[in-house]
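Trainee: Once you've had a glance at the structure underneath, I'll fire off some questions.
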Amino acid sequence: MMNRFRKWLYKPKRSDPQLLAQFYYADEELNQVATELDSLDGRKDPQRCTLLVNQFRSCQDNVLNIINQIMDECIPEERANRDFCVKFPEEIRHDNLAGQLWFGAECLAAGSIIMNREIESMAMRPLAKDLTRSLEEVRNITRDQALRDLNHYTERIKEALRHFDGLFAEFELSYVSAMVPVKSPKEYYIQQEVIVLFCETVERALKLEYLTQDMIDDYEPALMFTIPRLAIVCGLVIYSEGPLNLDRKPEDMSELFRPFRTLLRKIRDLLQTLTEEELMTLERSLCISQDGEFPTSSTNDPSASTGPDSQTEELEKEKGVEEVVDLTLFVTQEDSVWKEEEEKQVLPESSSESEEEEPIDADLACSMQYDEEEIEQLNMMVHQVGDEMSTLLSPPSQNQSPAHRPRPYNGSSLEGSSATSSTQASPRRAPGSYHDDDRVFFMDDLESGLSSELCRGQLPLPTVCLRSPEGSSCNGWLTVCQSSDATNLGCQRKLSQSTESVGNSDRMVNGWEGLQDEDSVQTAEEIANRTGGMKLSATVIFNPHSPSLSDLAVVLPQSADAPEGGEGGALVATQCLLNSCVCCAGGCVDNHEDAMEPAGRSMALGFEKHKLTITSSVIQSAVAAGSPGKGNGHLPLTLPPSQGHLTHSVPNCSVQNQAREDEGSQDGIHYPCCEKCSPGVLLAQDRGSGHEGGPSCTLQDTGCQTQHNASVKGRSECFGKQSKDDNRKINSSSQESPLSSVPSSDIDGVSVTTCSLSSSYAPSPVSSLTTSSDMSEDLDHQEIQVALQAAKLAAHNKIRSRFHSSSDLIHRLFVCISGVADQLQTNYASDLRSILKTLFEVMATKTDQGDNEKPKKGPCLGSAVLEDCALCQETISSSELAAKAREGQFEDPPEWVPDEACNSCIACKAPFTVIRRKHHCRSCGKIFCSRCSSHSAPLPRYGQMKPVRVCTHCYMFHVTPFYSDRTGI
C-alpha cells in the first residue's frame with residue numbers, strides 16, 4: 001500500500017536525465033516484456049516468441065548498462081578488476097556482452113547446461129545462482145531508491161552494488177573462459193611481443209620501401225600475407241632476441257610459431273648464410289603475392305666472386321656486430337640443432353619414387369591456395385617441407401640413409417667430373433643420382449652430430465691454403481683462400497714426411513683405404529692416454545675404415561722421395577693430433593701446417609663436441625667446413641699467423657736422449673709454430689724465455705730409444721711402452737704450473753712426446769715458457785674468436801654446398817617461409833587477425849579524432865548514438881515499436897545509398913576493391929564491407945520476419961542485438 005502511494009507521489013518523469021529515473025523506466029519495460037513472455041505459448045506463435053525473447057534480452061542489456069553507470073558514479077574507486085577482458089577474443093568484446101552474460105546466468109541457474117560444456121556448467125551453476133539473486137536485490141533496492149531521493153545513494157545501495165560487481169566479474173571470466181579459449185597472462189604477454197615484432201617489421205619495410213604508407217592506410221588485403229612473411233625473416237635474423245628467439249624453451253614461444261619450431265630453426269640457419277643483397281632479394285620476393293612474379297633468373301653466387309680480401313672485410317664488419325660467445329656453447333647448440341628430427345623421414349631409394357614426389361614439391365612452391373585440394377596440401381606443407389628441408393640444413397648422419405647410400409654408376413668418376421659441379425659440392429650425393437638436384441629438399445637421418453661425421457670422414461672439409469704474409473694477413477692472422485688445385489677434391493690425397501734421417505719409414509696414405517687393421521684405429525682419447533694423459537690441443541678422431549674418408553686428409557710437407565705404403569694408421573692419427581703449435585703457456589693453438597710449399601695443399605681440421613672444452617690453458621678446437629662447391633657462401637676463416645713457409649729449426653732444445661735430439665734438430669724438420677713463437681717476433685722475446693732466435697723447448701725422454709732406421713711399426717710399439725712410463729710420471733708429478741711442452745716430433749715418428757697445453761709433467765727451468773696471465777687471457781680470447789669463426793665457416797659452407805646457386809637457395813626459402821606464414825591464416829586466424837588489427841591501428845597515419853580519443857569507462861548508451869544515423873535520433877521506445885508490429889503497422893524500409901556514391905566502408909573506412917565488396921544494411925540503408933555487416937537479424941518494423949543482413953551498429957543498438965541461431969545455451 002505504501003509503495004502505491006510512493007509511486008503516485010514520487011514517480012520520476014520519463015524525461016528526467018538522472019540515472020535512477022532512467023533505471024526506473026528501463027526496469028519497468030523489462031518487467032512488462034518478461035510478463036508478456038511468460039504468458040505466451042511459444043509453440044502456437046513461434047515468431048512472436050522470437051521477437052519477445054530478443055526484446056527481453058535488449059531490455060536486460062539496457063538495465064545492465066544503467067546499473068554500470070550507477071556503479072561508476074556511486075562506487076568509482078571500488079569497482080571489480082576487469083583487466084582480464086583484454087584477453088577475450090575480439091569477436092565477443094562488445095557493449096552487449098553484459099546482457100548475454102545475464103541471460104546465460106539465468107539459464108544456468110534454472111538448470112540448463114551449455115552444449116558440450118557439461119562440466120563447466122555444473123561448476124558455474126552455484127555462481128550463476130548467486131549472481132541472479134544479487135542482481136534481483138540490486139534491482140529492488142535501486143528501484144525503491146528511485147521512488148525516494150534521486151540524488152542520494154544510500155550505504156545499502158553501495159554495498160549491494162559492490163557485491164554484485166564482484167560476482168558479475170567472476171562469472172564473466174568463468175563463462176567466457178568456458179565458451180572460448182582465453183589466454184593466460186604469460187600467453188597474452190608473449191602475443192604482445194609478437195605485435196611489437198610485427199610493428200618493427202612494418203617500420204623496417206617502410207624504410208626499405210618494401211611497403212608504402214598508403215598500403216597501410218588502405219588496409220591492403222595482400223598485407224595479411226606479406227607482413228607475417230616479413231615478420232618471420234625479421235624475427236629470425238634482424239630481431240633474433242625477440243619472440244622468435246629459438247633458444248627459448250618451447251613453452252616460452254608464441255603458440256603461433258611453436259608448431260613450426262623445428263622448421264624455423266632450419267630457416268634461420270639458411271637465412272644466416274645469406275648476404276645482404278640476397279636477404280633483400282628474398283624480402284622483396286616475399287612482398288609479392290603472386291608466385292609467378294618471383295624472380296627466376298639465375299644469378300651468380302656472390303660468394304663465388306668474393307676473394308679472400310673481401311671476405312676479410314666482411315668478417316671485420318661481422319665482428320663489430322656479433323658478440324664472441326663461448327665456443328663450447330656454440331658447438332653444442334649447433335650440434336643440438338641437427339639432432340632433433342631427422343630420423344622421422346627417409347626418402348625412398350628408387351628414383352621412380354622420388355620422381356613421383358616431384359609434383360608435390362612443385363605444388364609446395366605456391367604460397368596461396370584456395371581450392372580444397374590445395375588447401376589440404378598447404379596444411380601438410382609445414383611438416384613435409386620441414387622434414388625435407390632438414391637435409392639441406394643438417395650435416396650428414398653417422399649412418400647413411402638408404403636414399404644416399406652409394407649407388408652403382410657406370411663410367412663416372414669423381415676425378416673426371418667438374419670440380420665445381422653440384423654433385424661434387426656435397427660428397428653425400430651419389431654421382432649418378434642427378435634427379436635429386438631437382439627435388440626441393442633431401443633427407444638424411446640425423447642420428448649423430450657433427451663430431452661423428454668427422455670420425456667417419458663423411459663431412460667435406462674446406463680447402464685451406466696458407467699464403468705468404470704479404471697482403472694476405474688480417475691483424476697478423478692468415479686468411480683462408482679456396483685452393484685452385486682441383487685435385488684436392490679427388491678421392492686420393494697423400495700424406496708424406498720430410499725427415500731425411502728416417503726416409504725408409506716414410507709412408508703415403510692413399511685415401512686411407514688401405515688401413516684395415518682394427519688395432520691401428522686410434523682415437524684422440526686413446527692417444528692422449530698413451531702419451532701420459534695430456535690434454536691435446538687439437539682433438540681429432542679419425543676412422544680409417546670409413547668408405548668416404550677420402551674427403552678427409554691431412555697434407556703435410558712432402559719429401560720428393562717419399563715412398564708409398566699401406567701401413568701407419570696409428571701414425572696418421574697421431575700426426576693429426578700433433579699437427580698443432582703449442583709453444584705458448586697461454587694456450588696458443590695453431591691449427592695449420594707451417595711448411596706447406598705448394599699453395600694448393602689443403603689441411604683438414606676437425607672437432608669433437610665431447611672433447612671441446614675451453615679453459616684458460618686448454619683449447620681443444622678445430623675446424624669443420626664444407627667442401628667448396630657451387631653456391632657456397634664462403635666466409636673468411638682466420639688462422640693463427642704464420643711466417644709463410646717456415647724453415648726455422650729449434651736450436652735450443654734440451655733433450656735427455658741424444659738420438660732423439662739428433663732427430664729433432666735436423667735442418668729438414670719443420671715444427672708447427674705460430675707467429676707469436678717464431679724467431680724475430682717481439683711477442684716471443686717478451687716472454688722472457690731466456691733464449692734468442694727461437695722458443696725454448698724440451699723433449700721429455702721416457703727411456704724409449706728410437707733408432708734412425710726404425711720402422712713406423714717399431715715406433716708405434718715404442719710409443720706404447722713410453723705411455724706406461726709416462727703414466728707413472730703423471731701420478732707423481734706436480735701440476736702447479738700450466739707449462740707447455742713444445743712439440744718436437746719428427747713428422748714421421750710417433751714415439752716422440754706429443755704437444756700439450758696442460759702437460760702434467762714436472763716443470764723444468766729449461767722448458768718453462770713464462771708469461772703473464774693477461775697475455776694468456778688475450779691469447780685465449782683470440783683463439784676463441786678463431787675457432788668460432790672457423791665453426792661458422794664450416795656450418796655456412798656445409799649448408800650452401802647443397803644448393804645449385806643463390807637463386808635456388810632464395811627460392812626454397814621463399815617456399816618455406818611462405819608456407820609457415822600462410823599456415824597461420826588457417827590455424828590461428830583469430831590471433832593473427834587481432835595482431836594485424838592492432839598493427840594497423842599503430843602504423844596507420846594518425847588523424848585528429850578530437851573527443852573520440854577519450855576512453856570509455858564502460859558500456860554507455862550515449863556511445864551508441866551516431867550523428868548521421870536516423871535511427872539513433874528517434875525517441876520512440878522499443879515497446880512502442882513492438883506494439884506497432886503487433887498491429888501490423890509496418891514502416892517503409894530506408895532508402896539505399898547508391899553504389900557509386902560510396903567508395904569506402906562507412907564504419908571502418910576501408911576502400912572497396914575487387915576482393916572487398918559493397919554490402920547494404922537493410923536497417924539503415926548504408927554501405928558497409930563484409931566484416932562490418934556480417935550480422936543477420938529480422939526487421940519486424942519493416943515487415944522482414946526472416947533474418948537479413950544488417951550492419952554491426954544496427955545489430956547492436958537498433959534491431960535484435962542478441963539474435964543468433966548459434967547460441968550455445
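Backbone N, Cα and C atoms are what each Cβ position is placed from, and that goes for glycine too.
What Swiss-Prot records for Cys905, Cys908, Cys929, Cys932 is Zn(2+) 1 binding site, and it gives sequence analysis as the kind of evidence. For Cys921, Cys924, Cys951, Cys954, the entry in Swiss-Prot reads Zn(2+) 2 binding site. Per Swiss-Prot, the feature compositional bias 'Polar residues' maps to 295-310, 391-402. According to Swiss-Prot, the feature compositional bias 'Basic and acidic residues' maps to 336-346, 715-729. Annotation comment: Swiss-Prot describes 411-423, 732-745, 756-769 as compositional bias 'Low complexity'. The ubiquitin cross-link annotation in Swiss-Prot covers Lys87. Here Swiss-Prot flags 290-323, 336-360, 390-437, 715-777 as region 'Disordered'. Positions annotated as zinc finger by Swiss-Prot: 899-959.
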Trainee: I'd like the number of other C-beta atoms within 10 A of the C-beta of the residue listed as 'ubiquitin cross-link', please.
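Mentor: I get 18 for this one.
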Trainee: Would you report the average pLDDT that the model assigns to the zinc finger (899-959)?
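Mentor: Computed over the zinc finger (899-959), the mean pLDDT is 86 on the 0 to 100 scale.
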Trainee: For the zinc finger (899-959), DSSP counts of helix, strand and coil?
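Mentor: In the zinc finger (899-959), the DSSP-based counts are 12 helix, 18 strand, 31 coil.
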Trainee: Mind checking which of Cys905, Cys924, Cys929, Cys932, Cys954 has the fewest other CB atoms within 10 A of its CB? They're the binding-site residues.
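Mentor: Result for the binding-site residues Cys905, Cys924, Cys929, Cys932, Cys954: minimum number of other Cβ atoms within 10 Å at Cys932.
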Trainee: Roughly how many Å separate the Cα of Cys929 (Zn(2+) 1 binding site) from that of Cys921 (Zn(2+) 2 binding site), to the nearest whole number?
Mentor: 10
Trainee: Nearest of the recorded positions to Cys921 (Zn(2+) 2 binding site) by CA-CA distance, picking from Lys87, Cys908, Cys932?
Mentor: Cys932
Trainee: Given the recorded positions Lys87, Cys924, Cys951, Cys954, state which is nearest to Cys905 (Zn(2+) 1 binding site) when distance is taken between Cα atoms.
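Mentor: If we rank Lys87, Cys924, Cys951, Cys954 by Cα distance to Cys905 (Zn(2+) 1 binding site), first place goes to Cys951.
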Trainee: Can you list, in sequence order, the residues of the same chain other than Cys921, Cys924, Cys951, Cys954 whose CB lies within 8 Å of the CB centroid of the Zn(2+) 2 site?
Mentor: Arg922, Ser923, Gly925, Lys926, Phe928, Ser933, Val950, Thr952, His953, Tyr955, His958
Trainee: Which chain neighbours of the Zn(2+) 1 site, leaving out Cys905, Cys908, Cys929, Cys932, have a Cβ atom within 8 Å of the mean position of the site's Cβ atoms?
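Mentor: Everything else in range on the chain: Ser904, Ile906, Ala907, Lys909, Ala910, Phe928, Ser930, Arg931, Ser933.
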Trainee: In angstrom units, rounded to an integer, how far apart are the Cα atoms of the residue listed as 'ubiquitin cross-link' and Cys908 (Zn(2+) 1 binding site)?
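Mentor: Here the two Cα atoms are 23 Å apart.
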Trainee: Inside 10 Å of the Cβ of Cys951 (Zn(2+) 2 binding site), count up the other Cβ atoms and send me the figure.
Mentor: 28
